[in-house]
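Copied over from TrEMBL, here are the features:
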type	residues	note
DOMAIN	243-429	domain 'Major facilitator superfamily (MFS) profile'
TRANSMEM	12-32	transmembrane segment
TRANSMEM	38-59	transmembrane segment
TRANSMEM	71-91	transmembrane segment
TRANSMEM	97-119	transmembrane segment
TRANSMEM	131-154	transmembrane segment
TRANSMEM	160-178	transmembrane segment
TRANSMEM	251-271	transmembrane segment
TRANSMEM	277-297	transmembrane segment
TRANSMEM	309-328	transmembrane segment
TRANSMEM	334-351	transmembrane segment
TRANSMEM	372-392	transmembrane segment
TRANSMEM	404-424	transmembrane segment
Amino acid sequence: MTNDLKKKRFWKLAFILFLTEMVRGMFILSYLPALPTIGLISIGLSSIVITMHYVLDAVTNVWLGFLIRKIGEVWTMLLSYILGIGAMVAVGFDQSFWTLLAAACLLGVSVCPIWIMALSNVEEKNRGRDMGLVFFSWLCGLGAGMVAMNFLIGIFAEEAVFAMAGVFVVNLLVFLVLPGNQKEMVDAVGGDDDARAGETVGEKVGREVYSTGEGAGSSSKRRDRSGVKKRLPLRDTWHILKRHMKNMPGIMLQGLGVGMLLPVLPTYITSELSLNYFQYTFFILIVFGLVAFSMTVLSRGLDTYSMRLTAAVICAGFFVYAAGIIWFSTLETIWLIFAIASFIGLSYGIMLPAWNKYLAGTIAEGRRAESWGVISSVQGIGAMIGPALGGLTADLFGTVDATLLASGLIFVVLFAYYAVLFAFRWRRT
């Protein structure tokens, strides 16, 4: 695949990620939270549905990289579209709890492949810029989906649900014209276009799946028809976890700390700050916009400078987030809170690409898809636990300020941990 084609492919992957996350934002962030207000399901049942969505998201990421390597990216993506479109169409005809639960679980599975494909297609020489684009697409998709669905519900009421299936169909059409789709195994999962130019697709898949190169896990005893040892996904997963053990606190606790704020932010902004729903939406849009600007514009400098700057950006981002969120718990002045939130958005927006650039540099070259799958799964566990922990903390202490303080303290721990980790690494070099 030529460099120009790779670039076009990556931009289309980013657009597909945007459309995928837009559906998630419409269903998980807007539609499901709105159902208790009209009496279709209770708040408790809505929380269960949302939690199960993230459970399936986390579980799927563990084994999905192996599935992509086994059957190829095209078939994996097509299966994900079938699941996603089917789930959203089902919700259009039935809004019972069990249908919503099944749809949320299927959506949790269907959103995973595009994440692994996008992250695995990041170019080494433009890692900071590409990571910024990936997370810009994620953030804009979630925000656009939430806002669009709010307006659609206000205009079309129950019929608005079909818009989610419509976005998924557009998503599928974009994927079908994606450059390079004629190749079942692509660079993203460790293939090499130049090597073995005469290989058939089946031979390439067999070589990739049944490879017994370095670290192949000799204790795995299953073999394919040719007698070559086949690596077990569980053993591969364990090797990946061991490789990234030092970074597990950052991988999991980020999702936990941010996730804690999700159930309390509406209450904090509308009750503590006395803003109405539309002002709350505007507040969120401004902060999202600043994060997106920082991800796409400010993060480009990460490709120019050394890993020491990347490490400094990571530590600074953790510190700014921690200080800002803890400060929130003591403030009542709206303009000051907005100014702090804007600064947090700018700093966190550049910290995320820096963090993922750092992680990408620790991943084994031949196992990028599987590694990103496992990392995404661990992140998903934190994001899954976070909302429940945040709500429980607010209930236990009787105030949302307790949740803000707890979330901030988690990032204080992250700042201290990585400041020490990077300091020791620099001393050794």
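Each residue, glycine too, has its Cβ placed from N, Cα and C.
Those TrEMBL annotations? Automatic predictions, nothing curated.
Counting residues 6+ beyond its ends, the transmembrane segment (12-32) has Cβ neighbours under 8 Å at 46, 49-50, 53, 84, 88, 91, 100, 103-104, 107, 110-111, 114-115, 117-118, 121, 133-134, 136-138, 140-150, 153, 160-161, 163-164, 167-168, 170-171, 174-175, 177-179 in the same chain. Mean predicted confidence for the domain 'Major facilitator superfamily (MFS) profile' (243-429): the pLDDT average there is 81.
With pairs at least 6 apart in sequence, the transmembrane segment (71-91) and the transmembrane segment (309-328) have fewer than 3 Cβ pairs within the 8 Å limit; the two do not touch.
Through the fold, the transmembrane segment (334-351) approaches residues 273, 275, 283, 286-288, 290-295, 298-299, 302, 313-314, 316-318, 320-321, 324-325, 327-328 of its own chain, all at least 6 residues removed from its boundaries and within a Cβ separation under 8 Å. Contact check: the transmembrane segment (160-178) against the transmembrane segment (404-424) gives fewer than three Cβ pairs closer than 8 Å, residues 6 or more apart, which falls short of the contact criterion.
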